[in-house]
């Protein structure tokens, strides 16, 4: 399941809630700009 964040109210929701409305809009405020939240990953870099 992908997580999304609204560009206006900054609430997070999943793709099931996104499919509930026609088009791509925030289910809470109806804003059209939505960001996909990335999982926090740690990048390990070998020291030289």
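Note: Cβ is positioned from N, Cα and C throughout, glycine not excepted.
Some features that Swiss-Prot has for this protein:
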- 9, 26, 29: Zn(2+) binding site (BINDING)
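Annotated Zn(2+) site 9, 26, 29; additional same-chain residues within 8 Å of its Cβ mean position, judged by their own Cβ, are 6, 8, 11, 27, 28, 30, 31. Counted over every protein chain shown, other Cβ atoms within 10 Å are most numerous around 26 among the binding-site residues 9, 26, 29.
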